[in-house]
Every structure is written in structure tokens, then in C-alpha cells.
Amino acid sequence: MTNIRKTHPLIKIINHSFIDLPAPSNISAWWNFGSLLGICLIIQILTGLFLAMHYTSDTMTAFSSVTHICRDVNYGWLIRYMHANGASMFFICLFLHVGRGLYYGSYTYFETWNIGVILLFAVMATAFMGYVLPWGQMSFWGATVITNLLSAIPYIGTTLVEWIWGGFSVDKATLTRFFAFHFILPFIITALVMVHLLFLHETGSNNPSGLISDSDKIPFHPYYTIKDILGILLLILVLMILVLFSPDLLGDPDNYTPANPLNTPPHIKPEWYFLFAYAILRSIPNKLGGVLALVLSILILMLFPILHMSKQRSMMFRPLSQCMFWILVADLFTLTWIGGQPVEYPFIIIGQLASILYFMIILLILPAISLFENKLLKW
């Protein structure tokens with residue numbers, strides 16, 4: 001009798017993706033983040049679904065409905081904080097996943113990589129709109145500031161902003177549509193994830209050495225299923241420690257004040273995972289220039305396959321490139337810190353220098369070092 005796992009039209013797809021998938025024998029823990037992101041997405045969709053059952057997307061009742069969830073709904077506080085901190089875990093995994101791709105040259109699978117960058121944009125858009133929903137002070141002013149950036153687009157800017165707002169300011173119409181988009185986007189993300197995996201399984205996984213591993217493959221199950229389960233348990237452990245011991249650690253106290261259009265908070269800043277991009281935005285004195293830099297700071301990831309000058313794929317055997325990679329990581333930490341600071345000396349100049357360094361490392365220094373390493377190896 002033939003195995004149903006290998007013959008059934010639906011189960012067969014799952015089999016080829018998660019069970020009999022040939023995987024390189026030497027992929028490290030850095031390859032765990034794909035599955036962890038999948039788990040994060042599932043957690044976010046499930047907790048979000050239960051929150052949506054009790055949330056009302058109306059300016060008069062949104063803030064109260066979130067309070068009601070935390071106080072009156074059974075385990076509502078748990079669902080709410082799992083959703084809020086789940087977003088932070090999502091972005092930690094995302095940044096590590098992208099960083100792994102940069103370090104080991106996974107961007108040479110350019111279809112997979114480009115879908116990944118689109119996914120990053122989609123997740124960032126979803127997180128931004130989700131942050132607006134509790135309708136606290138930072139929700140309202142964050143939405144006002146970020147949507148207002150679109151007015152920098154020449155000719156159509158102002159019309160575009162008013163069209164997105166559904167009026168002349170962030171109001172009831174804006175909140176309702178943000179809730180609608182925040183609800184639908186995770187399902188679009190799920191579809192994109194499937195495309196991401198489809199492209200990945202066309203080529204197979206990369207590995208730390210960056211060499212072709214066709215001659216040494218092992219089945220995904222049981223080797224990598226058990227490894228993924230360990231990663232998932234650690235992810236849930238960290239998430240639950242965050243949720244149960246310090247749920248507000250990564251949030252902003254201003255968001256516990258209901259939105260008030262007549263009172264601007266002293267420091268408007270987004271959630272921690274957007275601070276690096278926010279710092280790049282603020283480091284340019286011109287509005288349109290800042291918006292372009294903001295978009296390019298993420299879009300620049302799509303240039304990595306073109307900017308790859310080395311004859312080797314991975315950075316595993318390239319110490320000079322490794323050094324530059326870690327300087328880039330340190331630079332991103334610096335930008336994240338600056339994004340949370342007020343706009344005054346010395347933070348302004350530090351932010352500007354860190355922004356220049358960010359683009360210089362990616363566009364000039366890394367490709368130049370790669371060419372130099374080729375020369376050193378007489379390639």
C-alpha cells in the first residue's frame with residue numbers, strides 16, 4: 001500500500017515542504033528564524049482574532065474597549081499583552097533573519113530575497129496600523145506624524161494624505177480603515193509567506209559555508225523538526241517572560257493617556273523596532289529627503305544581490321567583510337538609540353553621522369572590501 005503522505009494531493013505538498021524536504025546537513029541555529037517567524041505570525045493572527053472580537057474601531061470607544069479587554073474579558077490582559085509583545089518578538093526574529101541572510105549571502109536567491117523584502121514592508125505597515133488602534137496619545141500622534149510624511153510627495157501629496165485620513169485630520173474614518181487594513185494584511189502576509197517558501201524550495205536552503213550542498217542532504221524530519229521545536233519553545237519562553245513579568249517594558253507610557261488632538265506629547269516616537277528608520281528620517285532636515293531616506297533604508301536591501309562583488313557567497317571565510325558587517329550592526333543599534341532621543345545636540349549630529357555610515361557601508365565599503373578580498377586571494 002502506498003503511503004498517503006506521498007500520494008494525497010494536499011498532504012503531499014506538506015510532505016515535500018516539511019517532512020521529506022532535503023536540507024543541508026550543516027545549517028546552524030541562524031536557520032531557525034524562518035520557522036520562528038511562522039510561529040510569530042500564527043500567534044499574532046490568533047491573539048489578534050480574539051482581540052478583534054472585543055475591540056471597537058470607533059474614536060469614542062476604542063480606548064475604553066482596550067481597557068475593557070484588559071479588565072473584564074477572561075484572560076484579556078494576557079491576549080492583549082501577548083499580541084503587543086508578540087509584535088516585538090516578530091521584529092526581533094525578522095531582524096535576525098535578515099541579518100543571517102546578509103551575512104551568509106542568502107540574497108543570491110533573489111526571488112526569495114525580494115519577496116522577503118516585500119514581506120518586511122508588509123509587516124512594518126501592519127505593525128504601524130496596529131499601534132494606532134488602542135487610540136492612546138502616541139497612537140494618535142504617531143499616525144498623524146507618519147501619514148503626514150506623504151504630504152512631501154510633490155503635487156499629489158496633500159490630496160493623498162487627506163484621502164488616507166478620510167477627512168482633514170486623523171479621525172474616526174482613519175481609525176476604522178486602519179482596523180480594516182490591520183485585520184486583512186496578516187492574511188496577505190500569510191499568502192506572501194507561501195510564495196516566499198515556494199521560491200526557496202525551488203533552490204533549496206543556503207548553508208553557513210555558502211557552498212553547494214547537493215551532495216550532502218538530510219531529510220528535514222526528524223532532524224530539523226526537533227531543532228525547530230527547541231527554537232519555538234525558547235521563543236515562547238522569552239515571550240511569556242516578557243508578557244508575565246514586564247508587559248509594558250517595550251511600550252510607551254503616553255499610550256495610557258486617551259488620544260487628545262489638542263495636546264501634543266513632548267516626544268513623539270514610534271515603537272522600538274522602527275526607531276532606526278525614524279532616526280534616518282529625522283537626520284535629514286528636508287521633508288521629502290527624509291521620506292526618501294526612510295523608504296530607501298529598507299528598500300536598499302533589494303540592492304544587495306547587485307552589490308555582491310565577492311567571489312565567495314558567504315562571509316564565513318571573509319574576515320574583513322565580517323568586521324564591516326558587525327560595524328553595520330553596531331551602527332543600526334546606534335540609530336535605534338538615537339531614534340528614541342530628543343532632537344537636540346549632540347543627538348542630531350550622531351544621528352546624521354550614523355545615517356551616512358549606514359548607506360556608505362552598504363553602497364560603498366562592503367562592495368569595495370569584497371573586491372579587495374578577491375585581490376588578496378588572487379581571484
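We count from 1, first residue shown onward.
Keep in mind that glycine also has a Cβ here, set from the backbone N, Cα and C atoms.
Annotation source Swiss-Prot lists heme b b562 binding site at His83, His182. Here Swiss-Prot flags His97, His196 as heme b b566 binding site. The feature ubiquinone binding site is assigned by Swiss-Prot to His201, with similarity to another entry given as support. Taken from Swiss-Prot, the feature transmembrane segment applies to 33-53, 77-98, 113-133, 178-198, 226-246, 288-308, 320-340, 347-367, supported by similarity to another entry.
Looking at His196 (heme b b566 binding site) and His83 (heme b b562 binding site), their Cα atoms lie 24 Å from each other.
Just so you know, the Cβ of His196 (heme b b566 binding site) picks up 21 other Cβ atoms within 10 Å once every protein chain is counted. Non-local contacts of His201 (ubiquinone binding site) by the CB criterion (under 8 A, 6+ apart in sequence, same chain) comprise His16, Ser17, Leu21. Across the candidate stretches 77-98, 113-133, 226-246, the maximum count of CB pairs under 8 A to the transmembrane segment (288-308) is reached by 113-133. Following the DSSP three-state reduction, the secondary structure of His97 (heme b b566 binding site) is helix.
Non-local contacts of His83 (heme b b562 binding site) by the CB criterion (under 8 A, 6+ apart in sequence, same chain) comprise Gln44, Thr47, Gly48, Leu51.
Taking Cβ pairs closer than 8 Å, the transmembrane segment (33-53) reaches residues 69, 79-80, 82-83, 86-87, 89-90, 93-94, 96-97, 100, 130, 182-183, 186-187, 189-190, 193, 228, 231-232, 235-236, 239 in its own chain, all 6 or more past its ends.
The two recorded residues His182 (heme b b562 binding site) and His97 (heme b b566 binding site) have their Cα atoms spaced 23 Å from each other. The Cβ of His97 (heme b b566 binding site) has Phe33, Gly34, Leu37 as same-chain neighbours under 8 Å, each 6 or more residues away in sequence.
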